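Structure record follows, encoded as structure tokens.
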Amino acid sequence: MVELGRRRMRGERRRKLRLSKIYSFACGKQSLKGDHSQIGERGFSRVVFCNEPESVEAGIRSYADNSVSSTKYNVATFLPKSLFEQFRRVANFFFLVTGILAFTKLAPYTAVSAILPLIVIIGATMVKEAIEDWRRKQQDMEVNNRRVKVHKGHGTFEYTQWKNLKVGHIVKIMKDEFFPADLVLLSSCYEDAVCYVETMNLDGETNLKLKQALEVTSSLHEDFHFSDFKATIKCEDPNANLYSFVGNMEYEEQQYSLSPHQLLLRDSKLRNTDYIFGVVIFTGHDTKVIQNSTDPPSKRSKVEKKVDRVIYFLFCILFLMAGVGSIFFGFATKDDLENGLMKRWYLRPDDSTIFFDPKRAPAAAIFHCLTALMLYGFFIPISLYVSIEIVKVLQSIFINQDIHMYYEDADKPAHACTSNLNEELGQVDTILSDKTGTLTCNSMEFIKCSIAGVAYGRVVTEVERAMTRKNGSALIVNSGDSPDRNVPIKGFNFTDERIMNGKWVNEPYADIIKNFFRLLAICHTAIPEVDEDTGNVSYETESPDESAFVIAAREIGFEFYKRTQTSLSMYELDPISGDKIQRTYKLLNVLEFNSSRKRMSVIVKDEEGKILLLCKGADSVMFERLAKDGREFEEKTSEHVHEYADAGLRTMILAYRELDENQYKEFDRKFSQAKNSVSEDRDTLIEEVSDKIERNLILLGSTAVEDKLQNGVPNCIDKLAQAGIKIWVLTGDKMETAINIGFACSLLRQGMKQIIIHLETPEIQSLEKSGDKLAIAKASRESIRHQISEAAQQLTVSRGTSQQAFALIVDGKSLTYALEDNMKNMFLDLAVRCASVICCRSSPKQKALVTRLVKSRTGKTTLAIGDGANDVGMLQEADIGVGISGVEGMQAVASSDIAIAQFRYLERLLLVHGHWCYRRISSMICYFFYKNITFGFTLFLYEVYASFSGQPAYNDWFLSLYNVLFSSLPVIALGVFDQDVSARYCLRFPMLYQQGVQNALFSWRRILSWMLNGFISAIIIFFFCTKAMEIQAFDENGRTAGRDMLGAAMFTCVVWVVNLQMALAINYFTLIQHILIWGSIALWYLFLLGYGAMSPSISTNAYKVFIETLAPSPSFWIITLFVAITTLVPYFSFSAIQMRFFPMYHEMVQWIRHEGKTNDPEFVAMVRQVSLQSTSVGSTARLAAKDNDLRNIVTNHT
């Protein structure tokens, strides 16, 4: 019966196989016993007992469980760890110390009033931390409690939670489920044991991957097959490498090597496969995805770092004031005793043990210093950091909700992944950008090709149009729309009547054309999907380039429609009959593409028994692999490749060779040995074997695909250049392609001097032929040094004689030497003096190193922008990383600080939001220091007035609530809503952005001027209040003002002054700001009424002070009005004079807006001219250069 059941199941498997479109391209069953020399050694010591997770041997090894935790705290550690985080800030620690001292007799106020504000501020931050951590906990619980089918014995599978899985468990994963741990694939619903996997959560790639189990386990299709399944897996230890796996499986006393093709990673998803069976090998924090989940680098903005330094500066002032006051107090205390009587009897020295003892004056001075530090501590803004956090979060919400940065086609808004760097967006000096997918669409279209030395394709590219405009020629008419094609085909924009619609059979080299497109239809890893209703074939590919190639082959008449484990099927146009005929090629091997090989090959056997190696790759590696008799069209093809590169196209060389049976058998033997090798150098062995067979090729021709510029890129670059931002392009493309894309997007222009640093010199090439690596390195290093020095001299000479703009272009080989320690400073000095910098053939590591060099050596803010996994290092290295949520997945977005959908949104992100956020945060912080100095210095002045007695001028709760209730909310509104100019004017006058780059609004000069304003305000408030109230009767009963009335009156003036100062500083009023400013003042009076109505034991010297003494007295209201107006006169006068005679750039723009000069062309042109005078790149600079050339021609003729 069991055997009958198995036969029936095999029949069902065959039926599923015929209906399946899912096949693997990883050819060659790995069943040979390989080299297991490293298994069991350090780094390769993991042993998995399959189907025996509870065995004694498995228990001894005590592997990690499958639960994961991403939380920062737990119940036991939350309080100590979060408190430690809060009190790491020096300001918070200071207030903690003063709060503790408040419980001693040294305190000038009650302990409760000192501790409560600190508890509120720290508590609010801790609650925020707790909420964020609880959200992470909920996410962890959701993941850990997911359910999966696990083998419970006797061939039965039951659901259990992910967290209960152990190493060795056999699991059954159903379609569209995530893998709960790292698994080794044992079998699937298909007879050849393949499955389709989506890895977006791991690497961000949207294309699907194919995995295949070992042949020996591929027959285990049903649950009951696992009732007595036993195997032992020995493999590498847990590590973070997603793309490698070394191990072997011992099954039925035979060993079989394992590779990444059998590895299913946690958080990947099973797609287009009904089910798979797998064995758990890594769990929980041992899985590769968790091993990769390192915390992103901690980034702090320059403004935030400067705030720390300002706080330290305020601490210095605080200690200076306390020290000076204590010295005076010590001398006054020492001289206090005269003829046995105390001069300052009102200080009640008889009620004190030491604080006012003339005989112990030094000790009294020391104690007074501690009291003064507590009293003057209000100089330090206790609510500054939490207010900044609140403001930044709200600013991030505005960025996320900006409809002008919403990309409707992909339904993707902008997303600020972190709010720490909002103001940094307004200080960017240099942008380092990827090209493919960032400046361009990463949506490839087959445009042109060169076959047998003949160029085909009549479509005009965007770069060719830009070059035509650059040269001033007539615009070429685009003949790209074929009259025979009504509906545009994605990925195919080719037209040429010579080979379209089957006419290629009439060409002189028809056989070569046939082999060319046959290669495109076979040499790939695409998966065809046939629409059962229409019969149309679509393709799942690993890259947009590959999709364009397969589609091009289909449109010419070579339609690939089916892939199995060992074959490829396609329809070809028969040149003789003109009919489509079916051809099947046996797929023998796939030599996969990677960034170091720069090529891909497949080995197939055709229906006639010929064994063919079909290869496509970059020209830099393909031409050198051609056979002597295979170079017939090399010269013409090379010319066409350069022409295509000049047109901004990406090229690929196509070649092939025929193998005899013995050659292939020898290769296959070595290749199988290399693939089955279980060692660290496995990839090297595979590459060596592949390299030997990919020789003596016969050239067919070259493809050319276009990656179009994204919409709005030239205009965005032009606007950013007008804002004074430098733009560097770091790309892996060829130099010619990068240069021409530079022209298309206006980074380069006619008349700009190009400085090209490269190693394509005869001397270097001759050394490369000799193969002496040391000599090559030495000569290359000297060549690069000489080229950099010579270019620097050119710039120096040109600077004194003309306004010539320079562009620096460097290739990847040269960059390797230019970034060495003894040369990188020379390279950077040259680069920063150039208007544009383009680095070609750059590796991901080089991109990150260039970014680090610019950031660390210039000290300016850098922004990196990219869309692919190869840009992650660059994004994390820059001060700000911006990810493009484009075609290459989401890995760049996951590693970025801010995500946008299109490059053009960078214009609004920086020039509008960046400018606003920088201005708002800068103004907010300066105002914070102003209001605290205004308040704190009145305390010091009262101390001087009261002979440094340590008595505060204000009630305890006045002191405590000043920063929390009476002055904090308006400043938050300033940080969220204020605008110096509207978004339209930010874009119209991009030079406004330079205020952030030059840090004009948060310089020490500006900070100190606000502090000085605070000191002046405090002096005016104190002296006007004291002088107005000390010598005359305060009310109609003839009573004079006491400390309680003076303190309340001064505090009222402080509240009015700091809030009115806010009103004067605001550029853009909203209803919320009105409510908060006038509401804060009203809240003070309400508090004074309510607090004064409490019993004297609670309100102390504020008991009914307002209702009985202040409110009935006209002099109180007169003093408040007079002091408030007088205190604001210095700031108002200074601002008016500056605005009228020495306006800053934003004030000039405000004049245009407020005085209705938007229609005054002369004034607008004058203001705009300031923003355009230093532009070197962009379309504006190109037009300006053309105008200069025309003027020079006219001048020469006259």
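Note that Cβ sites are derived from N, Cα and C of the backbone, with glycine treated the same way.
For Asp434, the entry in TrEMBL reads active site, 4-aspartylphosphate intermediate. Counting only residues at least six positions away in the same chain, the Cβ atoms of Val729, Leu730, Thr731, Lys847, Ile865, Gly866, Asp867, Gly868, Asn870, Asp871, Met874 sit under 8 Å from the Cβ of Asp434 (active site, 4-aspartylphosphate intermediate).
Residues or ranges marked as Mg(2+) binding site by TrEMBL: Asp434, Thr436, Asp867, Asp871.
Residues annotated as domain 'P-type ATPase N-terminal' in TrEMBL: 48-114. The average pLDDT computed over the domain 'P-type ATPase N-terminal' (48-114) stands at 82.
The domain 'P-type ATPase C-terminal' annotation in TrEMBL covers 893-1143.
Residues or ranges marked as transmembrane segment by TrEMBL: 90-108 (among others).
Residues annotated as transmembrane segment in TrEMBL: 114-131 (among others).
Within the chain, the transmembrane segment (310-332) has long-range Cβ neighbours (under 8 A, six or more residues past its boundaries) at 90-91, 94, 344, 361-362, 364-366, 368-369, 372-373, 376-377, 379-380, 925, 929, 940, 943-944, 947-948, 1007. Here TrEMBL flags 310-332 (among others) as transmembrane segment.
Residues or ranges marked as transmembrane segment by TrEMBL: 365-386 (among others).
The feature transmembrane segment is assigned by TrEMBL to 928-945 (among others).
Per TrEMBL, the feature transmembrane segment maps to 957-977 (among others). Tertiary proximity for the transmembrane segment (957-977) is limited to same-chain residues at least six positions away from its ends with a CB under 8 Å from its CB atoms, namely 109, 113-114, 116-117, 120-121, 378, 381-383, 387-388, 390-391, 394-395, 398, 920-921, 923-924, 927-928, 931-932, 935, 1047-1048, 1051, 1054-1055, 1058-1059, 1062, 1065-1066, 1068, 1070, 1072-1073, 1076-1077, 1079-1080, 1083-1084, 1087, 1091, 1102.
Residues 310, 926-927, 929-938, 941-942, 945, 1046, 1049-1050, 1053-1054, 1057-1058, 1061, 1119, 1122-1123, 1126-1127, 1130-1131 of the same chain, all 6+ positions outside the transmembrane segment (1007-1025), place their C-beta atoms under 8 angstroms from a C-beta of that stretch. Look at TrEMBL and you will find 1007-1025 (among others) tagged as transmembrane segment.
Marked as transmembrane segment by TrEMBL: 1045-1068 (among others). Tertiary proximity for the transmembrane segment (1045-1068) is limited to same-chain residues at least six positions away from its ends with a CB under 8 Å from its CB atoms, namely 923, 927, 930-931, 934-935, 938, 942, 952-955, 958, 962, 966-967, 970-971, 974, 977-981, 1013, 1017, 1021-1022, 1024-1026, 1029, 1034, 1077-1078, 1080-1081, 1084, 1088, 1101-1102, 1105-1106, 1109-1110, 1116, 1119-1120, 1123-1124, 1127-1128, 1131-1132, 1135, 1150.
According to TrEMBL, the transmembrane segment annotation covers 1075-1094 (among others).
Long-range contacts of the transmembrane segment (1114-1134) within the same chain: residues 1013, 1016-1017, 1020-1021, 1024-1025, 1028-1029, 1034, 1049, 1052-1053, 1056-1057, 1060-1061, 1064, each at least 6 residues beyond the stretch ends and with a Cβ under 8 Å from a Cβ of the stretch. Sequence annotations record features per position, and here TrEMBL assigns transmembrane segment to 1114-1134 (among others).
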Three-state composition of the domain 'P-type ATPase N-terminal' (48-114), taking helix and strand from DSSP: 32 helix, 3 strand, 32 coil
Distant-in-sequence neighbours of the transmembrane segment (365-386), which means Cβ under 8 A and at least six residues beyond its ends: 89, 91-92, 94-95, 98, 101-102, 106-109, 114, 117-118, 121, 124-125, 307, 311, 314-315, 317-319, 321-323, 325-327, 329-330, 333, 354-355, 925, 928-929, 931-933, 935-937, 939-940, 943, 948, 950, 952, 959, 962-964, 968
Same-chain residues at least 6 beyond the ends of the transmembrane segment (928-945) whose Cβ lies under 8 Å from its Cβ atoms: 310, 314, 321, 325, 372, 375-381, 384, 387, 951-954, 962-963, 967, 971, 1007, 1010-1011, 1013-1015, 1017-1019, 1021-1023, 1026, 1050, 1054, 1057-1058, 1061
Fewest Cβ neighbours within 10 Å, where candidates are the binding-site residues Thr436, Asp867: Thr436
